[in-house]
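Novice: Heads up, here are the entries from Swiss-Prot:
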- 60, 68, 133, 163, 164: substrate binding site (BINDING)
- 174: site 'Important for catalytic activity' (SITE)
- 176: active site, proton donor/acceptor (ACT_SITE)
- 247: active site, nucleophile (ACT_SITE)
């Protein structure tokens, strides 16, 4: 299955045709697709109306610098702010993170979008792309926040997606623009980077997004292209039974598999259920690549947002005392 990107704030005729394709699982939205709360709700409805089957509408609404919907939405703090707060007041930090998850999920769901790819559970150890998107550099602290965040997302009717497996935070390179390799052995990764993923899976996380990072002591290819990582470790050893997303095939670190078709096939052959094709100019070739493939469609139904939510009532279950914690001002509108 493919999760595709579209060009603007309304669907074109070609994009409506794409949504008719059996291989299209849904659409991932970006800043380019957003003008207002009303507009994004209308776009979400148009996406669903164009598809002959239930589809996902997704976004990255993590908070901080990765927040695609801003005007009319709460200004969400980066996750690192909760880790900083945890050092001197663990309970209030966890409460604030739960409120952050509930608020984010409620606003996204009230806009007709099923899920935000969250939470980031990478360790915050200097990666250029991760930075303040991570809770902490400490695996146990990240694991604690992961459990709380997953549970809060579920409470707001949103599926939880752990990213970026098996851990993107320790390499320096940004895989959007460069290849990245982590030389550590599996035993070290299991003791550090995998700890939050274990916690999230135990908490009932619904999906995992793969990293485009190579871990040469474990497998020679990027994790998203690796049966060793997906089938043997994530599913076999860690017992994960949910949906596996690739990261975007337009990122530089994905180019090791060759052209667009090669990247799509490499992800699906490795065990990914859904391949992210975020750049509209790559969609047609990606759809051609999956012709004739057997695709996992049933697994995606569980990711569709649960329960209809109206914007006016979205904060009904949120404790007002957590809307503006001292280290995380996410209760104001952008």
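Using the three backbone atoms N, Cα and C, a Cβ is placed for every residue, glycine included.
Tell me what's around each of these sites.
Specialist: Residue 133 (substrate binding site) carries a helical DSSP state (H, G or I). Within 10 Å of the C-beta of residue 133 (substrate binding site) there are 24 other C-beta atoms, taking all protein chains into account.
Summarising the environment of residue 174 (site 'Important for catalytic activity'), the number of other Cβ atoms within 10 Å of its Cβ, over all protein chains shown, is 17. Under the three-state DSSP scheme, residue 174 (site 'Important for catalytic activity') falls in the coil class.
Residue 176 (active site, proton donor/acceptor) counts 15 other C-beta atoms within 10 Å of its own C-beta, drawing on all protein chains shown.
Sequence-distant contacts of residue 247 (active site, nucleophile), defined by Cβ-Cβ distance under 8 angstroms and a gap of at least six in the same chain, are 163, 164, 175, 209, 210, 211, 212, 224, 254, 276.
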Novice: According to DSSP, folded down to helix, strand and coil, what is residue 164 (substrate binding site)?
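Specialist: The three-state answer is strand.
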Novice: With Cβ-Cβ distance below 8 Å and at least 6 positions apart along the chain, what are the contacts of residue 60 (substrate binding site)? List them in sequence order.
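Specialist: Spatial neighbours, sequence-distant, of residue 60 (substrate binding site): 28, 30, 66, 67, 68, 116, 117, 118.
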Novice: If we count other C-beta atoms within 10 Å, could you say which of the binding-site residues 68, 163, 164 has the fewest?
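Specialist: Each of the binding-site residues 68, 163, 164 was scored by Cβ atoms within 10 Å; lowest is 68.
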Novice: For residue 247 (active site, nucleophile), what is the secondary structure state per DSSP, taken as helix, strand or coil?
Specialist: strand
Novice: Measuring Cα to Cα, how many Å separate residue 133 (substrate binding site) from residue 174 (site 'Important for catalytic activity')?
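Specialist: Computed Cα spacing between residue 133 (substrate binding site) and residue 174 (site 'Important for catalytic activity') is 13 Å.
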Novice: Based on DSSP, name the secondary structure state of residue 60 (substrate binding site): helix, strand or coil.
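Specialist: The residue in question, residue 60 (substrate binding site), is coil (DSSP, three-state).
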